[in-house]
4 protein chains.
Amino acid sequence: MAGNSYGNLFKLTTFGESHGEALGGSIDGCPPGIALDFEAIQMEMERRKPGQSSIVTQRKEADEVQFLSGIFEGKTTGTPIGFIIPNTNQKSDDYAHIKDSYRPSHADYVYEKKYGIRDYRGGGRSSARETACRVVAGAIAKQVIANVKINAFVSSVGEIFIDKPYQDLDFSKIESNPVRCPDEATASKMEDYIKEIKKQGDTVGGTITCVIQNVPIGLGEPVFNKLHAELGKAMLSINAVKGFEFGSGFCGAKMRGSEHNDLYNADGTTKTNLSGGIQGGISNGMDIYFRIAFKPVATLIQKQEALTTSGEIIESQGKGRHDPCVVPRAVPIVEAMAALVLADFYLLNKIYQ
Amino acid sequence: MAGNSYGNLFKLTTFGESHGEALGGSIDGCPPGIALDFEAIQMEMERRKPGQSSIVTQRKEADEVQFLSGIFEGKTTGTPIGFIIPNTNQKSDDYAHIKDSYRPSHADYVYEKKYGIRDYRGGGRSSARETACRVVAGAIAKQVIANVKINAFVSSVGEIFIDKPYQDLDFSKIESNPVRCPDEATASKMEDYIKEIKKQGDTVGGTITCVIQNVPIGLGEPVFNKLHAELGKAMLSINAVKGFEFGSGFCGAKMRGSEHNDLYNADGTTKTNLSGGIQGGISNGMDIYFRIAFKPVATLIQKQEALTTSGEIIESQGKGRHDPCVVPRAVPIVEAMAALVLADFYLLNKIYQ
Amino acid sequence: MAGNSYGNLFKLTTFGESHGEALGGSIDGCPPGIALDFEAIQMEMERRKPGQSSIVTQRKEADEVQFLSGIFEGKTTGTPIGFIIPNTNQKSDDYAHIKDSYRPSHADYVYEKKYGIRDYRGGGRSSARETACRVVAGAIAKQVIANVKINAFVSSVGEIFIDKPYQDLDFSKIESNPVRCPDEATASKMEDYIKEIKKQGDTVGGTITCVIQNVPIGLGEPVFNKLHAELGKAMLSINAVKGFEFGSGFCGAKMRGSEHNDLYNADGTTKTNLSGGIQGGISNGMDIYFRIAFKPVATLIQKQEALTTSGEIIESQGKGRHDPCVVPRAVPIVEAMAALVLADFYLLNKIYQ
Amino acid sequence: MAGNSYGNLFKLTTFGESHGEALGGSIDGCPPGIALDFEAIQMEMERRKPGQSSIVTQRKEADEVQFLSGIFEGKTTGTPIGFIIPNTNQKSDDYAHIKDSYRPSHADYVYEKKYGIRDYRGGGRSSARETACRVVAGAIAKQVIANVKINAFVSSVGEIFIDKPYQDLDFSKIESNPVRCPDEATASKMEDYIKEIKKQGDTVGGTITCVIQNVPIGLGEPVFNKLHAELGKAMLSINAVKGFEFGSGFCGAKMRGSEHNDLYNADGTTKTNLSGGIQGGISNGMDIYFRIAFKPVATLIQKQEALTTSGEIIESQGKGRHDPCVVPRAVPIVEAMAALVLADFYLLNKIYQ
């Protein structure tokens with residue numbers, strides 16, 4: 001209820017604040033007998049962690065996951081996989097200046113109003129550091145649905161965007177640049193722009209597109225738990241996300257039915273795919289694709305107004321090491337959440353077989 | 001798990017196909033002692049039902065809700081509120097022509113693949129008729145959170161859209177026209193356009209904007225069950241929805257942090273509200289607003305290709321009485337789902353008090 | 001949360017008071033493609049309903065279930081099975097005398113304290129009439145786990161009990177007498193005793209034993225959702241139940257490990273079965289058996305003290321048509337709940353296959 | 001679903017095997033602002049841990065809980081409380097002899113059949129060591145419902161039992177002897193008997209009685225989630241439990257209604273309390289009391305037959321340091337589970353206020 005679990009049959013439960021001793025969690029319901037690829041898990045952690053390049057925050061965090069249970073001789077046993085990620089580089093003094101104030105567009109204010117108490121160190125539970133646990137679980141979920149291919153990438157930064165359909169992109173290029181944009185010319189422009197923004201102590205938003213291929217037909221439950229509704233919830237639960245659209249998305253709202261309907265081929269595939277691989281909440285075997293909007297990071301290395309706990313407006317300035325643009329580091333998080341959603345529906349679907 | 005329930009503390013569970021004997025469901029967790037306004041409930045049903053005007057389907061459905069339990073002497077008792085909505089006007093023969101074929105961009109194909117069986121009469125469970133139950137529960141949820149004001153309206157149809165911020169609109173005008181668009185000039189253009197589309201046997205998409213006012217601070221659970229993530233899921237679970245954005249939405253992804261941050265007033269309100277009333281997944285007391293994209297209805301009164309169950313492509317044409325544009329009738333459904341989400345978080349929040 | 005649903009993958013949600021218009025509910029997650037045996041369902045309803053014999057209440061209730069959804073051409077479709085059971089014979093005036101008083105050992109008092117309001121007609125939601133919905137769902141659950149054999153029977157009434165192990169009983173005799181006791185000599189004594197008790201306007205308790213055979217190995221989840229823990233909860237949720245024991249039960253607490261351990265045969269079966277077919281919360285393929293204690297019915301056709309809502313002690317006497325002993329009619333309810341538990345775990349176990 | 005969580009609003013999720021690196025878990029939904037008494041938590045851990053006296057196992061386990069999140073400056077923050085309990089004294093070689101065999105009345109066999117894989121070291125997840133996490137959470141739950149008094153004690157060992165109603169016992173004596181029996185004369189007999197049993201390399205069962213006082217009226221949800229049904233499930237989920245009865249329990253099944261009904265006093269309390277403090281699944285403010293049966297520990301320090309994984313019957317003998325009687329150490333576990341159940345319903349009840 002309190003919202004620190006995701007999924008039903010493949011269920012992730014997490015805990016941890018940015019500046020406590022450790023983050024961690026458990027994965028309940030992972031099928032037994034899977035020989036885990038631990039390198040693949042750690043590689044996803046590396047993709048998310050700070051300090052990878054000059055365009056992301058220079059904080060150093062080891063982000064090493066320690067598995068504590070549920071694995072025996074390298075294989076999952078069917079019992080819960082417990083894990084922790086120690087916080088090794090928390091500098092709480094960086095945050096002393098925010099103890100008595102609420103930063104604009106952060107969660108400080110609402111946490112204090114909701115709970116009557118707040119761990120003011122670096123955002124506490126509302127810090128995006130929490131997503132490290134999602135990446136661990138997502139990396140395992142990917143191994144549960146091994147045939148499914150999930151590729152997320154940065155499709156826009158500010159006003160700069162990839163002007164091609166995803167079919168024309170080479171996903172193997174995603175990791176070839178620090179922006180995680182598979183179109184190299186666009187990536188280069190984005191990188192320059194982020195550096196410029198960073199120099200100004202400002203931040204910028206962007207979008208991520210995610211393409212999921214090789215999905216079996218039949219995933220998703222109609223009515224309230226439609227596949228795209230769960231994907232939407234999963235994506236909207238990621239820090240800084242403001243919007244989600246799949247298939248034709250907001251453009252589809254401008255179209256006519258005669259343009260929008262996806263006509264069938266004789267084999268049940270469709271000639272077009274404005275549906276985005278989902279009909280009535282159930283996967284139809286075509287590519288699933290969706291786009292997610294991220295707002296600009298709220299912490300600026302500029303002066304801006306803040307509200308004190310005693311009700312005064314003061315000037316404040318972000319310290320520490322923050323991301324000028326969050327989307328490059330959010331790519332593995334998007335993939336992780338997609339994998340969690342799919343693994344859950346994949347297991348549920350076994351009941352119909 | 002199978003996805004026919006929504007909510008936790010205020011939980012709606014539904015059943016029913018478009019052409020069975022009745023739809024129905026139950027609401028579990030409604031607080032006791034509420035003197036229900038039954039007229040208000042029936043009024044919401046009237047807003048959703050077909051045949052209200054010349055721009056929506058001319059099917060006649062009584063859509064009368066019968067309450068079977070949970071209410072004693074006009075008041076809720078704390079026990080589950082069971083209800084049914086009889087199907088009085090199902091013409092199953094209208095659908096005989098789709099028994100052996102899969103209509104493009106409908107759920108026929110995936111239901112048959114998922115379940116190995118399909119109630120082919122009018123979409124069965126995937127019919128938007130299912131949303132009648134949501135409207136019943138939403139109308140009760142509105143009474144649980146009586147101080148909260150929820151107003152949804154049609155903000156665009158095809159390329160025609162309201163070119164004003166919601167603050168400049170008079171919500172009391174929403175019901176003054178069949179499109180449910182509070183801007184009368186725009187409403188009139190939309191109405192003409194829908195009639196034109198209908199004449200062609202075609203359909204068109206649109207968007208709905210929803211504004212929620214007077215929300216207490218503190219609703220929503222951080223991390224996975226963020227308030228906007230649940231709103232997003234709720235909206236994406238409505239038939240034909242392709243996208244959801246709140247606050248600055250997709251536009252926010254193009255902005256800089258220095259433009260996007262909502263600076264505080266001394267009383268904790270904010271000068272701007274690009275956040276859309278939610279910070280870190282928790283309501284901050286400002287207006288919550290979001291926008292939802294609906295694709296064009298898939299059933300056309302034109303010839304188009306369909307796939308037969310034996311794998312042939314045939315020509316097919318929708319019969320019956322279908323909506324040329326779904327958004328006017330979707331307005332009360334959007335409000336109902338918003339009310340369900342808010343009532344659930346509202347009850348949960350009592351635990352912190 | 002409010003407790004009107006049972007199960008996860010095979011989930012029953014119910015509503016309805018004893019003297020409202022109807023009881024009803026829905027079953028979510030029933031696998032598709034099952035050709036339902038409706039006679040078998042109605043037969044279970046007949047076993048539970050009042051008025052079957054001279055030793056149970058003479059109330060007449062039709063108890064006819066009407067299915068509203070989830071079934072097409074006689075087969076389950078995978079969508080929720082909605083149903084209602086109209087209340088045809090509610091005599092609310094029978095209960096006018098309890099409007100202003102709390103009957104001893106009934107739920108009147110706690111309902112009013114918990115909810116601040118109470119439907120005083122015949123117990124409202126706390127009436128055992130609610131179990132009619134469980135029987136509907138249980139009868140369908142039995143068809144989901146068609147190979148599993150569930151037999152419940154009355155093993156004691158007051159001090160009269162069957163003095164044989166269940167292995168020596170002929171379950172085909174259960175329905176041969178109104179007590180539902182398969183040992184005819186004991187059944188006859190029980191029947192006489194219940195008639196004697198009834199004549200006195202008194203009531204008496206009893207126990208039911210349930211034996212489940214042909215259970216696949218592997219049902220049940222270790223730790224919190226052990227198979228016997230769920231069976232225990234399911235049984236304790238039946239009206240009037242005061243205790244649950246399985247396998248060696250309370251006798252096992254007096255034994256030594258060297259007596260109690262079930263030694264293996266080479267094929268994995270065990271020589272004894274004090275474990276009751278469950279090890280570590282997981283079925284081991286041996287017979288599951290358990291015993292349930294029912295208190296005597298609280299409504300007496302004798303004068304006894306009651307508390308008025310204004311705090312006075314008065315003399316009161318039950319009217320209407322009540323059971324002198326509830327266990328004969330509880331037999332199908334026990335079987336229904338056992339079937340619900342097993343069907344849920346059976347579906348969950350498919351994930352491991 | 002996979003059963004490693006307990007509760008809804010106050011939800012414990014656990015992980016960990018007896019011989020892995022650590023046990024642990026998280027508590028989601030603990031109300032914010034509670035100044036935790038850490039000594040009280042550790043004291044409960046001490047009560048459960050092995051090696052406390054000569055009548056329990058001599059294994060040494062530090063059982064020190066490390067909190068990783070959800071607590072700031074000594075107070076709960078409303079975010080999940082993550083914790084681990086490192087396994088410091090696991091001697092895996094003690095268990096090498098069971099790698100290729102299934103011990104009678106253990107969970108070895110069913111784990112391997114269910115999951116196709118098994119962590120054979122000391123029972124893995126099925127070890128009672130898992131209950132250490134329950135004790136951590138229960139100790140915190142006790143602080144959430146600080147006014148409620150929960151006292152469990154050993155009421156019988158083998159054939160030796162306390163022959164007094166609980167009202168005649170002095171609960172402050174429970175911790176005065178290693179058996180945790182508040183009646184000193186009986187405690188002394190029990191202790192001698194357990195020592196005798198231990199000398200023989202045998203084990204013995206017993207019962208625990210639990211009394212809960214000062215419970216507010218109104219806890220528990222009628223129908224499926226009755227207060228006693230949840231208590232029963234919670235108790236039956238503890239390792240080695242075979243039965244649960246509350247109030248009059250199995251004795252109540254022999255009684256007449258005229259004896260069993262609890263007549264009211266004018267203040268709403270009852271003259272007798274055969275109901276055990278619960279009516280219709282809802283607490284009525286009287287003492288809640290129940291009794292739980294534990295089977296004898298399955299591991300004997302005697303030769304007995306076991307089944308090998310290749311299907312042979314061999315002679316085997318338990319090694320290591322095992323409990324001759326589990327009930328003294330189970331007392332804090334029973335209290336912990338009772339506290340978890342009550343805290344969950346206590347929070348849920350706030351919704352009605």
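Residue numbering: from 1, along the chain as shown.
Placement of Cβ uses the backbone N, Cα and C atoms for every residue, glycine included.
DSSP assigns D:Arg48 (NADP(+) binding site) to a helical segment in the three-state reduction. The Cβ of D:Arg48 (NADP(+) binding site) lies under 8 Å from the Cβ of D:Asp63, D:Thr131, D:Ala132, D:Val135, D:Arg329, D:Pro332, D:Ile333, each of these being in the same chain and 6 or more residues away along the sequence. Annotated NADP(+) binding site per TrEMBL: D:Arg48, in sequence order.
Taken from TrEMBL, the feature FMN binding site covers D:Arg125, D:Ser126, D:Ser127, D:Asn239, D:Ala240, D:Gly280, D:Lys295, D:Pro296, D:Val297, D:Ala298, D:Thr299, D:Arg321. Neighbour count (other Cβ atoms within 10 Å of the Cβ, all protein chains): 28 for D:Arg125 (FMN binding site).
Comparing Cβ neighbour counts within 10 Å across the binding-site residues D:Ser127, D:Thr299, the minimum falls on D:Ser127. Here the binding-site residues are D:Ala240, D:Val297, and the one ringed by the most other CB atoms within 10 angstroms is D:Val297. Chain A lies within reach of D:Arg125, taking the binding-site residues D:Arg125, D:Ala240, D:Lys295 and requiring a CB-CB distance under 8 A. Other Cβ atoms within 10 Å of the Cβ of D:Lys295 (FMN binding site), summed over all protein chains shown, number 29. Whole-number maximum of the Cα to Cα distances across the FMN-binding residues D:Arg125, D:Ser126, D:Ser127, D:Asn239, D:Ala240, D:Gly280, D:Lys295, D:Pro296, D:Val297, D:Ala298, D:Thr299, D:Arg321: 44 angstrom.
Proximity to chain C, defined as a C-beta distance under 8 Å, is registered for none of the binding-site residues D:Arg48, D:Ser127, D:Ala240. Secondary structure from DSSP puts D:Arg125 (FMN binding site) in a helix.
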